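Each remark here refers to the structure printed beneath this line.
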Amino acid sequence: MGAMVPRTLLLLLAAALAPAQTRAGPHSLRYFETVVSRPGLGEPRFISVGYVDNTEFVRFDSDAENPRDEPRVRWMEQEGPEYWERETQIAKGNEQSFRVDLRTLLRYYNQSEGGSHTIQRLSGCDVGSDWRLLRGYEQFAYDGCDYIALNEDLKTWTAADMAALITKHKWEQAGAAERDRAYLEGTCVEWLRRYLELGNATLLHTDSPKAHVTHHPRSKVEVTLRCWALGFYPADITLTWQLNGEELTQDMELVETRPAGDGTFQKWASVVVPLGKEQNYTCHVYHEGLPEPLTLRWEPPPSTDSYMVIVAVLGVLGAVAIIGAVVAFVMMMRRNTGGKGGDYTLTPGSQSSEMSLPDCKA
């Protein structure tokens, strides 16, 4: 498996750019690249997608009518033609390398060319509020399974199987780790800073989470309490459950943070508790968009007795209002007839002088 084309980028005026006001961090720049072979349907398809802080900002698709690196957010339209031409050439170079790698891995695994196979790559960097590298990524998977990855020391590789060991030895001889480390510690961090400056208004805002707790019966003696955090940005958030002030790390089920589809994120954490003991458990939500952490409990609905009392009171009040309206109407009619309401009666079959029914005609 050959080394990928390096993402060597020209940092235009990077040193001259004034530091932009940025959120405290951390921040991330990541690229996800995938190639899928499709025997009998033409060349393998290659897709590259770039993310800044979990926001897709660029994309390349070899199946497009005119394959080019394209902006996915409005703020990337500030980049000029030279940038897009350069990034397009990088993507096309990686596309060709991936196609060669597909054929190489077919040999390593002694597979035929008749089936469909996939190579995936994750590369990128995470930085802290001081712009120092927190972690670099250079990871590969084949047919959905780990293949080879650059370790956190950015100096050594971990191979998942015997085939990946062949790639590891080749890359060690070629000094691939040193090249990748230089990119991750330098170029990647600088371009992340650049993208954050371009998308400052969008990327550096915060949306505080809306949180609530739901109640789900499990059995006659247990219930599940689920703490929801919705509509927050950025994606970094912490949810914990506590019992009388002690964290329940081992007993808590926690899902990965998920995109909501509108640029915000959602997450939940649940815990199983004894029925009747729900009020002893509290959910705690930590997010940079909150002035202070949230503490929530499950709020039980009003009891049936309380509900019936409320309905009864509302019924009595409604009846009183109706009676009052009738009395007011009668009093008004008495005033309109000079107080002789007792002499104004209609006997069965009689008609008032002011109202008559039309004749029925055959």
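Just so you know, glycine gets a Cβ as well, placed from its N, Cα and C.
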So, in Swiss-Prot, which cysteine from Cys188, Cys227 is disulfide-paired with Cys125?
Cys188
If you pull up Swiss-Prot, which of Cys227, Cys360 shows a disulphide to Cys283?
Cys227
Among Asn110, Asn200, Asn280, the one of these glycosylation sites whose Cβ has the fewest neighbouring Cβ atoms within 10 Å:
Asn110
For Asn280 (N-linked glycosylation site), the three-state class that DSSP assigns:
helix
Pull the DSSP breakdown for the region 'Alpha-2' (115-206) and write it out as helix, strand, coil residue counts.
40 helix, 29 strand, 23 coil
Taken over the region 'Alpha-2' (115-206), the model's mean pLDDT:
95
